[in-house]
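Beneath this line is the structure, given in structure tokens, with notes to follow.
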Amino acid sequence: MPKYRSHTTTHGRNMAGARALWRATGMTDDDFGKPIIAVVNSFTQFVPGHVHLRDLGKLVAEQIVASGGVAKEFNTIAVDDGIAMGHGGMLYSLPSRELIADSVEYMVNAHCADAMVCISNCDKITPGMLMASLRLNIPVIFVSGGPMEAGKTKLSDKIIKLDLIDAMIQGANPNVSDEESAQIERSACPTCGSCSGMFTANSMNCLNEALGLALPGNGSLLATHADRKQLFLDAGKHIVALTKRYYEQDDVSALPRNIANKAAFENAMILDIAMGGSTNTVLHLLAAAQEGEIDFSMTDIDRLSRKVPHLCKVAPSTQKYHMEDVHRAGGVIGILGELDRAGLLNRDVSNVLGLNLTQTLEAYDVMLTQDEGVKQMYAAGPAGIRTTKAFSQDCRYPSLDTDREEGCIRTREHAYSQDGGLAVLYGNIAADGCIVKTAGVDKDSLTFRGPAKVFESQDEAVEAILGGKVVAGDVVVIRYEGPKGGPGMQEMLYPTTYLKSMGLGKSCALLTDGRFSGGTSGLSIGHVSPEAASGGLIGLVQDGDFINIDIPNRGIVLDVSEAELAARRETEEAHGDAAWSPKGRERQVSYALRAYAMLATSADKGAVRDKSKLGG
């Protein structure tokens, strides 16, 4: 029988000092011996997805205490990628993921906590906490802050749905008036919550449901809706039961590595492909798998991407549907139900409730369940009132979206495309692979050939795009923006956004060793591995070189002879210490970022630390 970790600090005369300090936090004699459960919050006033989390840890903690545990809350940092976008702040976004994972490990191990409830929401916070959970391998339940309501405004006598990306595109479009741009800006992000499309934050919160580490509804139930409160209460109650299953019943199936095993990781990736999730999810799943010592790689993602159809289309791939519409159609469980009926899921998986896949679908799939309470939960809708408060409204749709032929979620037979929403491409320029969000690519652009326009930084590319130096047919190549080369693997949302603003969104391609925001669409290919700073071929591309992109056949090739590439490599390596670094780029890089760069791996490994450099 495993021993409660917390007994290290609560039992024995030699721990009198530790107990004295525990007493100073409010613990009593009756508490020593109960499981100590960390409530890992991420409240901050910097991020709309986290601005409403201040009091939600208390909800979880009260339920933990009522269920027989001891709750101790602490906070992590949280970076808003949208606010950090387009300037030096974006260098810190991906490295913050490692910092969050480390800080959770530090707090939980330093104080010998027995289990965790992770209150996450936005882009790097959920992945960082997920990495920590699999690293620590103690009982955990995730409950996120929930999605933002979609923005809505009236333009040309028509009500349209909006999100952050619309504000960015229209703000850079010279054909949009200042008045219209301001109107869109004020309407795009109306409430607290993670941005309303299938961007990185919502993608990751959905994947946590598929991994089995979050409760049904977690990925899609709006932050503002009163029903979401129950998820926090249930997380507090169920984490105590989950913890006792492991420590008091020796049930190892309660541990995250046994819930989020390889089969669950495959299901999560299948879900991601089917819903056209953010390409960042590939990076984060690979990183989490490494922390959990799970054999899951780009090879698995490539294999899965070839057989999974695109069943759910959401902004930014369409403006018709946002997360509130996904929820109305049955949320994550609704998509999993269609995937299961298509015979695409691993069925031998479980979740933190102890339910297997069949039981979960019977209870929570709106196409199967007879539970009116579950149907009511999925009918939870937006109120359309600007607010930063959680659980502030209880509006409901008059009916669910169960149209699986033309609705938000579709059957395999009526899929948006028989090819999934993500694809892995290989070729000489990406020997270890690169990622494209096919859900956002125009059908006419699935094959593309064009001359390269090469830039050593995102900033240089943006200046050229807005300056009219990029024309239809070009392949914009942005390099030295990978985990090492950036450092920090910036998101290239501004270049893709400005290509759209300049009318080039469907006539140009963009290729980078950096990454993309979940809000990116168009022929945007990222995560090129190996990156330029690691000697990748992308570092040898020259202006005018032709690049062939073939998404249906999963290929990407720099059309330059092997002899010429060998000569270019020899010339580059002759630069010695200055080889494989950006030419003429001036960028202030702090020591914190330099430390990250020294240990960072390329994107095909999840951009995690190279453990071999640490003796691992």
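Glycine residues also receive a Cβ, built from the backbone N, Cα and C atoms like all the rest.
Residues or ranges marked as active site, proton acceptor by Swiss-Prot on the basis of sequence analysis: S517. Neighbour count (other Cβ atoms within 10 Å of the Cβ, all protein chains): 30 for S517 (active site, proton acceptor). DSSP gives S517 (active site, proton acceptor) a coil state; it is part of no helix or strand.
Marked as Mg(2+) binding site by Swiss-Prot on the basis of sequence analysis: D81, D123, K124, E491. Annotation for D81 (Mg(2+) binding site): spatial neighbours M90, S93, C122, D123, K124, T200, E491, S517, criterion Cβ-Cβ under 8 Å with sequence separation of six or more.
For C195 ([2Fe-2S] cluster binding site), the number of other Cβ atoms no farther than 10 Å from its own Cβ, over all displayed protein chains, is 32. Look at Swiss-Prot and you will find C122, C195 tagged as [2Fe-2S] cluster binding site.
Within 10 Å of the C-beta atom of K124 (Mg(2+) binding site) sit 28 other C-beta atoms, taking all shown protein chains into account. According to Swiss-Prot, the feature N6-carboxylysine maps to K124.
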Which one, from the binding-site residues C122, D123, E491, has the smallest tally of other C-beta atoms lying within 10 Å of its C-beta? C122
Remaining residues near the recorded Mg(2+) site, that is with C-beta within 8 Å of the centroid of the site residues D81, D123, K124, E491: V79, A84, M90, S93, L94, C122, T200, N280, S517
